[in-house]
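Chemist: Reproduced below are the annotations present in TrEMBL:
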- 6-311: domain 'Cobalamin-independent methionine synthase MetE N-terminal' (DOMAIN)
- 19, 113, 542: 5-methyltetrahydropteroyltri-L-glutamate binding site (BINDING)
- 407-745: domain 'Cobalamin-independent methionine synthase MetE C-terminal/archaeal' (DOMAIN)
- 412, 413, 414, 465, 580: L-methionine binding site (BINDING)
- 412, 413, 414, 580: L-homocysteine binding site (BINDING)
- 622, 624, 637, 646, 723: Zn(2+) binding site (BINDING)
- 687: active site, proton donor (ACT_SITE)
């Protein structure tokens, strides 16, 4: 027998109640009291599900937006620019921005697809704690579960320090926040908490392993606060930190025994326990139920693992998930349309709870398999190396590609998904619209997007992606080997939820997936229209992969399928193909010793997908919302012609890092809040509701030039937003893009005037002429003019 515990559960509600409550509140349709009542109901539902499954100690998960932001609020660590705000206004302003106060940076949470808000701590940072929300959550949890079962969960102090953006050393941050943590733990103990979970995933990283002094000082101080500590260190094994980490003065240490499904280098936690032993008198939390995977666990293997741990000296065991179950959908029983042979092989969060409880009691369910279909065949080993290289070098290709005036403008891909657009897709799904009628109405949305972009004088257009629900889902639904859920929602951040596809068999191309919409858009304009694809690594990382085939093999299967789509777009006359890889970084292992293997096949997968493009076809990629500073060379090795990056929340750090790394292809960095993608810095920021003015964007573009990137060549610095605009309203998008274009044209005029050596009037004429050149750039490759000859 062992203890059954949880370390996190979906905060969405079984029917996405949290998302609906947030969006209603933000639109002014509900009050703060109604919002808080909705979240209390979501919490109670989640805690009740865990109690009903037989969990002994329930982590009191739940958040209004993000658990790291919750800790920022609890510590009173809001940056000074928000000092005029309080309560929920302050909380949501840090998440979403407010006039004159940009939002906190957003980044991926370790190697998951969840995004967290990055704490900002200046040199004078002093905590001003407010623990009322945490203590209220504990009281509600105790009322629902009983005092012995309700366990507060918090981001640990060292992980908080390591996640923060600050000039302070981690040791200084830890020293400043430790008194607040000690005060909180004492308050929790006084309120009857049986223990507290302090989540320290940073301990599984290289930086965490190097922070031994900070961990030892922190937990030595907190051990006397009167509340037993369960230190939860998941997302990877502890590696070199294991021998000293297991001796930290805590009551329990909970570890990940699963790792990333299909990873090249497997999780080593069991080997570490068997090699170094386990301290007597300390509980071991065994994360053997896979919190990353929707496949049902091999419970017999888990039971055998528990037996080996007992043999290694770990007498006091608790069974739990390998990571928080927040990364999984709620309940498989809500899915009624999955293939009958597949559904029994799957397990969502509620089913994982049952597995935890069974294993803790000593029972075992029969194995169900980790894929659906034929036995796996890793045929990607036979791909010739020549398929990973473009036919010509970048410098040779660029001269053959479309040419644009200084500071060319574009967008990242998607435009607002209005209620009307969502209604069209729902009507197609329900049968209220047949396919021809649906496509005719979607074509009107494409025409709207093209018309707006032409009216704003954008140089390179996108079709707007009205037909797409999600970057991964759209492609997965048209590839063989992938299946989709109806209610399999997972929180990405805040109110942004996604339904990841499930890779259930070998993936293969069936028919063109984007060509029809590209043709519709290109036939409406003489300006070039980009073909828009999601890259193979992002589709893999944003899906639930198979567990019986390596991630490398699955990525290459996806790349080969998308390679055929790139060729199909070229045949249709497309001269610019964008292959987005926003999830490239999030798949990176947490330890540098494991990184090279991942980056090698991830870069190869992108190249395998794109090297089919002719030298005259410009290949664009987009990266966002991760720290890419440590993978500059792999980004360069992707060999895209244009890189667009999310840069609006992160200052100019990414641009400066690229300049320092010797990046030479075209760039599109985002400079503010709206959208972006293309080897150009992004300008407006899509995940914040504030419309940036032209002067701000102009200054941002000048700052990019000041970094020295691309030797200041303005034709090679693209102007674009930070991400797709599907979550924004047209009322935000149009003025933001208008200001973005105005800023680009202002700098364009200056460049052309300087080159012409003439007065401003001559420069204005040159701008008009350059815009005409950009507008005509898309004319040559149109299919009707090329008679099906493809790119020419």
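Just so you know, glycine gets a Cβ as well, placed from its N, Cα and C.
Buried or exposed, and what's around them? Tell me for each listed feature.
Modeler: Around residue 19 (5-methyltetrahydropteroyltri-L-glutamate binding site), the same-chain residues at least 6 positions away in sequence with a Cβ under 8 Å from its Cβ are 12, 13, 489, 495, 497.
DSSP assigns residue 413 (L-methionine binding site) to coil in the three-state reduction, outside any helix or strand.
Following the DSSP three-state reduction, the secondary structure of residue 580 (L-methionine binding site) is strand.
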Chemist: Measuring Cα to Cα, how many angstrom lie between residue 637 (Zn(2+) binding site) and residue 542 (5-methyltetrahydropteroyltri-L-glutamate binding site)?
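Modeler: Counting only the Cα atoms, the answer is 22 Å.
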Chemist: Give me the Cα-Cα distance between residue 413 (L-methionine binding site) and residue 723 (Zn(2+) binding site), rounded to a whole Å.
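Modeler: Residue 413 (L-methionine binding site) and residue 723 (Zn(2+) binding site) have their Cα atoms 8 Å apart.
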Chemist: Just checking the binding-site residues 113, 542, 622, 646: which sit within 10 A of residue 580 (L-methionine binding site), CA to CA?
Modeler: 622
Chemist: Say you check the Cα of residue 622 (Zn(2+) binding site) against those of the binding-site residues 113, 412, 414, 465, 542; which is nearest?
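Modeler: Sorting the binding-site residues by distance from residue 622 (Zn(2+) binding site), the top entry is 412.
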Chemist: Does anything in the same chain, at least 6 positions from residue 113 (5-methyltetrahydropteroyltri-L-glutamate binding site), have a Cβ under 8 Å from its Cβ, and if so what?
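Modeler: Those within reach of residue 113 (5-methyltetrahydropteroyltri-L-glutamate binding site), by Cβ under 8 Å and sequence separation of 6 or more, are 327, 490, 492, 498, 500, 541, 542, 583, 586.
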Chemist: Return the single residue from the binding-site residues list (465, 580, 637, 646) that has the minimum number of other CB atoms within 10 Å.
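Modeler: If we count Cβ atoms within 10 Å for the binding-site residues 465, 580, 637, 646, the smallest count is at 637.
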Chemist: When a 10 Å sphere is centred on the Cβ of residue 412 (L-methionine binding site), how many other Cβ atoms does it contain?
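Modeler: Taking all protein chains shown, residue 412 (L-methionine binding site) has 33 Cβ neighbours within 10 Å.
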Chemist: Quick check: in three-state DSSP terms, what is residue 646 (Zn(2+) binding site)?
Modeler: coil
